[in-house]
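**Q** Quick one: structure below, then a few questions.
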């Protein structure tokens, strides 16, 4: 099962691989069940995995920055 393959959610590189996989599935209606498109599927999944890891790292860095900024703010209590 793949994540949402909408183009606005992915990089150009992954979108190109997604398009190639969909095209392969259209061209090989029956052979896709026998592994004809598996290489493209693996490449697409690897690209999506890298994209996911990048997003996780960026989110983690952002969260750490937010925590640091919250700790540095002076506490203003009346």
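Glycine is no exception: its Cβ is also placed from the backbone N, Cα and C atoms.
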**Q** Do you know which of 26-36, 37-47 Swiss-Prot annotates as motif 'Cx9C motif 2'?
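**A** In Swiss-Prot, the motif 'Cx9C motif 2' feature sits at 37-47.
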**Q** Could you check which of 14-24, 58-68 is flagged in Swiss-Prot as motif 'Cx9C motif 1'?
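**A** Range annotated as motif 'Cx9C motif 1' by Swiss-Prot: 14-24.
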**Q** Cα-Cα separation of residue 14 (disulfide bond) and residue 37 (disulfide bond), in Å?
**A** 16
**Q** Give me the long-range Cβ neighbours of residue 37 (disulfide bond): same chain, 6+ apart, Cβ under 8 Å, in sequence order.
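**A** 21, 24, 25, 28, 31 - these are the non-local Cβ neighbours of residue 37 (disulfide bond), listed in sequence order.
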